Amino acid sequence: MATSLRTPSFTSCSASSTDTDDEGVRGTCEDASMCKRFAVSLGYWHDPYIQHFVRLSKERKAPEINRGYFARVHGVSQLIKAFLRKTECHCQILNLGAGMDTTFWRLKDEDLLPQKYFEVDFPMIVTRKLHSIKVKPFLSQPITELHSGDPLQIDGHLLDSKRYAIIGADLRDIPELEEKLKKCNMNPQLPTLLITECVLVYMSPEQSANLLKWAASSFETAMFINYEQVNMDDRFGQIMIENLRRRQCDLAGVETCKSLESQKERLLSNGWETASAVDMMELYSKLPQAEVSRIESLEFLDEMELLEQLMQHYCLCWATKGGHELGLKEITY
């Protein structure tokens, strides 16, 4: 039963809004944030910011969960940095369903910030994140020191500054989403990177298709990164679905998570010109050997088969549109 007990912890945040279902989804945001915080505390990767958003769990997370999060963070980060290098940071990033993500602060530390970084999530999650930013100078100073001119715009569900904005909105309501982003000076002319991590799977296939179509039609030059479940038709996938249902968390979009091919097809059929996908076990096998040796020395894993099963049920997908002169099509993991 180890599988059924452990698998739910490998999920993340989404932005949607029918209350009973959304409460379960918001709970996965908390789970994912605490899993990242725990892995960081063991030294899997460096993130001095996550501790200011999330408490350290008293419950020890399983080694396969920690390695899974390492692969996820590493994979998404590599694609983000590839896009930033191709565009020479003359771009914007939209992190949709961002939760307690700390990418903005870490990119600033590496001098790799885009022209503007946007985060969108449930208003309730945004309110909580904003509170942490407001009361902790370690989080607010990187934002304010990049801001000049007009005073910062800030209220319960919104912060807008020159280089960073966080917005409370429902990703299923495209007109509202677009209006709020434009109010925060989203620029459709800039090369744009959009990121979703375990977000689309909580939306119906029609709703996620609408979001993907909007993204493809709104920006001439764009890249989309999606991290979520895959191979969900087998027994292990069914256990994952059952576990989440028990927690009032329904994977409304799971039918598009059947295979890597179905993941790519969704992107290509909704306005994207190129699409690639790898499962996380393949990605893990391509990690730099020195990094693999380092993280595998952090704690003993006695069930390699469980790690492989878990990683084969998550994938990293990316799609591009335009940007031929920038070489966006060449970006790969």
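The backbone N, Cα and C atoms fix where each Cβ goes, and this holds for glycine too.
For Arg72, Gly97, Asp170, Leu171, Glu197, the entry in TrEMBL reads S-adenosyl-L-methionine binding site. Sequence-distant contacts (6 or more apart, same chain, Cβ under 8 Å) of Arg72 (S-adenosyl-L-methionine binding site) comprise Glu197, Tyr227, Met280, Tyr314, Leu316.
The feature compositional bias 'Low complexity' is assigned by TrEMBL to 9-18.
Summarising the annotation, TrEMBL assigns region 'Disordered' to 1-25.
Site extent for S-adenosyl-L-methionine: among the recorded binding residues Arg72, Gly97, Asp170, Leu171, Glu197, the largest C-alpha separation is 24 Å. Local packing around the Cβ, expressed as the count of other Cβ atoms within 10 angstroms, is greatest for Glu197 among the binding-site residues Asp170, Glu197.
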